[in-house]
Amino acid sequence: MTTILDGKKVAAAVGEKVKTALELSEKHGIKPKIAFVRIGDLSDSIAYENSAKRLFGKFGIEAEQHHFPADVSLRQFLNRFREINQDYSVNGILLLQPVPDHIDMKRVIEIMNPVKDIDGITPMNMGKVITGEKDRLEPCTPAGVIEMLDYYDIPLEGKKVTIVGASNVVGKPLSILMMNRGATVTVCNVHTPDLVAETKNSDVIVSAAGVVNLIREEHVKEGAVIVDVGINVNDDGKIVGDVDFEGVKDKCSFISPVPGGAGSVTSSLLVYQLMLATDFQKEPVLFLES
Ligand SMILES: NC(=O)C1=CN([C@@H]2O[C@H](COP(=O)(O)OP(=O)(O)OC[C@H]3O[C@@H](n4cnc5c(N)ncnc54)[C@H](OP(=O)(O)O)[C@@H]3O)[C@@H](O)[C@H]2O)C=CC1
Ligand SMILES: Nc1nc(=O)c2c([nH]1)NC[C@@H]1CN(c3ccc(C(=O)N[C@@H](CCC(=O)O)C(=O)O)cc3)C=[N+]21
């Protein structure tokens with residue numbers, strides 16, 4: 001029997017935590033606010049911004065949107081980004097990635113206040129992910145994968161995990177989060193000579209490569225857990241993941257679909273991380289339980 005990992009259910013559970021946090025913050029007269037910052041018009045970024053904005057709206061949380069043309073000068077952008085950072089009313093910032101090549105992320109990250117960094121991209125938060133410190137903001141997509149595995153009581157300790165994809169946004173931070181849970185982790189990239197050899201003996205496979213049909217029946221061990229993070233558009237114009245869902249689903253014990261899987265959890269965690277960020281900023285008024 002294969003269990004489908006239902007991202008909507010996991011997102012709803014995160015939503016309950018958000019509601020509790022919102023009630024507590026309201027008691028203290030605190031109204032959190034997020035700022036979306038987007039340069040250019042990449043369809044991936046627009047899709048994420050729109051779905052996340054809708055979700056913030058559902059919780060009655062205020063959202064500001066700052067859009068810049070793809071050819072905005074670095075200096076102009078940094079000046080405005082600095083102002084958004086310093087705006088006392090903004091508790092969390094989501095910078096949609098990737099940014100155009102001429103926007104030097106190093107300079108942007110230098111400006112970003114780590115306690116407003118609700119997608120965990122600053123060195124301070126990344127460092128805390130590595131050392132396992134609790135007072136941190138995590139990248140939402142990898143955190144969502146962990147949230148999903150926890151929701152379904154899927155253990156990581158002692159498991160062999162293969163992550164396909166090694167980006168700063170998904171693969172790399174996820175590998176650390178999983179190592180911190182006692183997993184033995186392999187991270188693959190385009191140079192991996194034999195992907196099947198890596199995935200075939202894995203208890204858990206996470207694919208975050210952005211390649212349609214990358215993970216097929218021959219990649220999967222009987223009874224494996226598969227989390228598909230990929231969001232791609234196939235030849236028929238449909239949204240699909242990296243995994244040949246129909247081809248592998250009977251072989252694994254748990255599998256997340258696309259849509260309705262990992263992607264749904266990402267935006268709900270973004271809202272939760274805004275609550276955490278707001279809480280960190282309002283110390284000593286700690287309104288979230290630890
Ligand atoms: N569910 C969600 O909430 C989110 C989903 N996504 C989706 O996840 C996917 C990955 O996103 P992102 O990490 O930003 O993408 P990137 O393009 O930044 O990274 C892709 C990674 O996959 C590796 N890769 C690509 N092709 C192969 C291959 N054939 N075999 C092995 N490794 C491969 C690349 O290797 P190399 O390093 O060598 O180039 C790279 O490390 C995309 O589909 C994206 O849309 C992204 C963010 C959030
Ligand atoms: N700093 C940054 N962090 C990101 O995490 C990030 C980013 N930039 N840039 C763009 C990519 C792409 N991405 C998506 C996530 C969810 C949906 C999505 O459609 N989510 C649906 C559900 C989809 C599903 O059901 O699988 C929802 O939230 O309702 C789309 C795209 C995040 N990204």
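Cβ coordinates are placed from backbone N, Cα and C, and glycine is handled just like the others.
Copied from TrEMBL, the annotated features are:
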type: DOMAIN; residues: 5-119; note: domain 'Tetrahydrofolate dehydrogenase/cyclohydrolase catalytic'
type: DOMAIN; residues: 139-278; note: domain 'Tetrahydrofolate dehydrogenase/cyclohydrolase NAD(P)-binding'
type: BINDING; residues: Gly165, Ala166, Ser167, Ile231; note: NADP(+) binding site
DSSP-assigned states of the domain 'Tetrahydrofolate dehydrogenase/cyclohydrolase NAD(P)-binding' (139-278) in counts, ordered helix, strand, coil:
50 helix, 26 strand, 64 coil
Other than its own, how many Cβ atoms are within 10 Å of the Cβ belonging to Ser167 (NADP(+) binding site)?
17
Just to be sure I understand the contacts, which binding-site residues have a Cβ under 6 angstroms from any atom of ligand 2? Candidates are Gly165, Ala166, Ser167, Ile231.
Ile231
Any same-chain residues 6+ apart from Ala166 (NADP(+) binding site) with CB under 8 Å of its CB? Would you list them in sequence order, or say none?
Lys172, Ser175, Val187, Cys188, Asn189
Whole-number Å value of the largest CA-CA distance among Gly165, Ala166, Ser167, Ile231, listed as NADP(+)-binding:
16
Mean of the pLDDT scores, which run from 0 to 100, over the domain 'Tetrahydrofolate dehydrogenase/cyclohydrolase NAD(P)-binding' (139-278):
97
On the DSSP side of things, how many residues of the domain 'Tetrahydrofolate dehydrogenase/cyclohydrolase catalytic' (5-119) fall into helix, strand and coil, could you say?
60 helix, 19 strand, 36 coil
Among the binding-site residues listed here (Gly165, Ile231), identify the one with the smallest other-Cβ count within 10 Å.
Ile231
